[in-house]
Amino acid sequence: MSQLQVRHDWKREEIEALFALPMNDLLFKAHSIHREVYDPNEVQISRLLSIKTGACPEDCKYCPQSARYDTGLEKERLLAMETVLTEARSAKAAGASRFCMGAAWRNPKEKDMPYLKQMVQEVKALGMETCMTLGMLSAEQANELADAGLDYYNHNLDTSPEYYGDVITTRTYQNRLDTLTHVRASGMKVCSGGIVGMGEKATDRAGLLQQLANLPQHPDSVPINMLVKVAGTPFEKLDDLDPLEFVRTIAVARILMPLSRVRLSAGRENMSDELQAMCFFAGANSIFYGCKLLTTPNPEESDDMGLFRRLGLRPEQGAVATLDDEQAVLAKAAAHQDKSTAQFYDAAAL
């Protein structure tokens with residue numbers, strides 16, 4: 001019998017009960033759901049590039065790009081178009097199907113919007129999906145980016161509403177939800193997840209996933225990040241999260257949002273191959289590929305491909321699934337179950 005449910009009314013106690021399951025039971029449930037929708041041996045690959053680095057005015061306590069903390073990070077202006085396109089071509093050649101561009105802003109300036117839209121169009125012309133993360137968006141900005149052809153927009157919720165004030169004070173939780181509303185309304189696909197290991201409690205991890213799963217439409221991509229502790233940030237000396245709690249978070253995300261891509265995101269550089277293998281089994285089916293995620297380390301491409309070979313995994317080819325038609329995806333899952341269980345842009349200012 002199928003365990004797959006697409007719901008938007010999850011209660012906190014239901015989610016906490018999933019987290020409390022014996023590990024074998026939780027992994028079995030998550031993996032069974034994963035196999036109903038996706039090929040469990042395919043992983044979608046994205047490449048993430050920082051197109052504008054550092055000097056962010058926000059006070060996110062985990063972030064080395066905040067201007068409020070002395071992390072030794074050198075700020076950089078918005079990258080030149082050819083620099084971005086060179087990176088995109090390299091990503092495509094390495095097997096990435098999606099190219100994500102991130103800027104350390106509170107929100108994009110109007111004067112930069114024409115250039116950002118051109119960037120989207122140029123990358124799409126290479127035959128890649130496009131994603132951006134630029135901070136908060138107004139409804140008008142979301143529509144502009146959608147009209148330019150941007151496929152995905154990333155804006156993470158970070159943590160639960162209850163713990164959020166311990167992480168950031170310069171942007172409200174509602175600000176983040178409003179941006180996601182604008183992105184959905186524009187027709188772009190939503191990429192939204194969070195970070196674990198920031199000193200939060202287990203109920204906060206449940207609360208983060210509750211917020212994501214109870215959105216009007218589940219995010220198409222759900223990045224789950226393990227905190228990367230950076231010297232100079234307020235979170236640099238936090239205790240490490242039990243790795244098995246990270247696996248549990250991946251598994252519960254898969255159960256709550258069965259049609260979403262669950263991305264094994266930041267923190268993989270410090271994860272063992274065995275831990276990553278457990279995450280893939282638990283339902284993670286997307287990674288960021290390349291030696292750096294914005295400003296934090298990531299496994300070398302050769303290491304990732306070596307791990308894929310050892311696990312029998314392969315990069316996903318062609319177009320990725322979307323949540324545009326939940327009933328069609330559910331029908332497909334049911335059928336599958338029946339068969340088998342110059343570097344910088346001169347005009348930009350910081």
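Each residue, glycine too, has its Cβ placed from N, Cα and C.
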>> Need one residue: from CYS131, CYS279, the one Swiss-Prot lists with CYS100, CYS191, ARG263 for [2Fe-2S] cluster.
In response: CYS131
> Whole-number Å distance between the CA of CYS60 ([4Fe-4S] cluster binding site) and the CA of CYS100 ([2Fe-2S] cluster binding site)?
Replying inline: 21
> Given the [2Fe-2S] cluster site residues CYS100, CYS131, CYS191, ARG263, which other residues of that chain have a Cβ within 8 Å of the mean position of their Cβ atoms, reported in sequence order?
Replying inline: SER46, LEU48, ARG98, THR133, TYR152, ASN154, SER221, PRO223, PHE288
>> Please report the Cα separation of CYS100 ([2Fe-2S] cluster binding site) and CYS63 ([4Fe-4S] cluster binding site) in Å, rounded to an integer.
In response: 18
> What are the other residues, in sequence order, whose C-beta lies within 8 angstroms of the center of the C-beta atoms of CYS56, CYS60, CYS63 at the [4Fe-4S] cluster site?
Replying inline: GLU58, ASP59, TYR62, PRO64, GLN65, SER66, ALA104, ILE168
>> Between ARG263 ([2Fe-2S] cluster binding site) and CYS63 ([4Fe-4S] cluster binding site), how many Å separate their Cα atoms?
In response: 19
